[in-house]
């Protein structure tokens, strides 16, 4: 990467400088990260090998779980390792790579959540046309579009980051590299870059959240014409989706859709956004989805029996 500064490395201050609290950070987030990887991998394997989970919703859930695992992996391992390190140094190139990965998989989550909302809208509001509209070829095309859109978004973030000159201070008061903490270290007027950041990441989070909430209100409103059993099943599925949307987009909007201001809670909000949400998503989807739970029981029962 072409470097526009004299700084070759950064020092991450992490969540805390207290040795006892650092040990607690190590234990807590090691558990969270392992739970994230195991939970999302379990969903991925179940959907991959279960014949009962072949619908579009589970096709998208497969990619959401994959994006969640990668999104958490972009920050959690370094946070865990740094909690036991005396000096948390990250090279300039590794820092830029982390920015790219963070936004690539974060944006992928946004796209997949939107597609899941579209899937539920068509299934509930246009049931007769559902097999045609949400056929497998269409779902594959949507995922390809999601990857392309995510790559363009993350590339934009890298272009903005590479334009930042760093002349001296290299202490990042955070546990990961992102544009906001890097803007504070840049030896230039970052007002315009911050506006571009708000119009890019902030606009994506805010507009997507509004679209998703409106779509789910439309879906819930249309349920009045369904049977009691149909309403119950659809409501259970949509409730899971709404919970995940709020947990994912709330912190995203707080971090990216605001003027260049630093708050004491920024690091904890980012922790929830990058580690907490990917950990909770598989729990939410499995606890509230009988089909996923039954598929897991059958799949792993067969695995145990064959062994």
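Placed from the backbone N, Cα and C atoms, the Cβ positions cover glycine too.
Listed ranges 81-99, 100-118, 119-137; the one TrEMBL annotates as transmembrane segment is 100-118. In this chain, the transmembrane segment (235-257) lies close to the transmembrane segment (100-118): three or more C-beta pairs between them fall below 8 angstroms, excluding pairs fewer than 6 positions apart.
Listed as Cβ neighbours of the transmembrane segment (57-80) (distance under 8 Å, sequence separation of 6 or more from its ends, same chain) are residues 12, 14-15, 25-26, 29-30, 32-33, 36-37, 40-41, 43-44, 47-48, 90, 98, 101-102, 105-106, 108-109, 112-113, 115-116, 119-120, 123, 136, 139, 143, 146, 175-176, 237, 274-275, 277-279, 281-282, 285, 292. Here the transmembrane segment (100-118) touches the transmembrane segment (138-162). Their Cβ atoms form 3 or more pairs under 8 Å, with each pair 6 or more residues apart.
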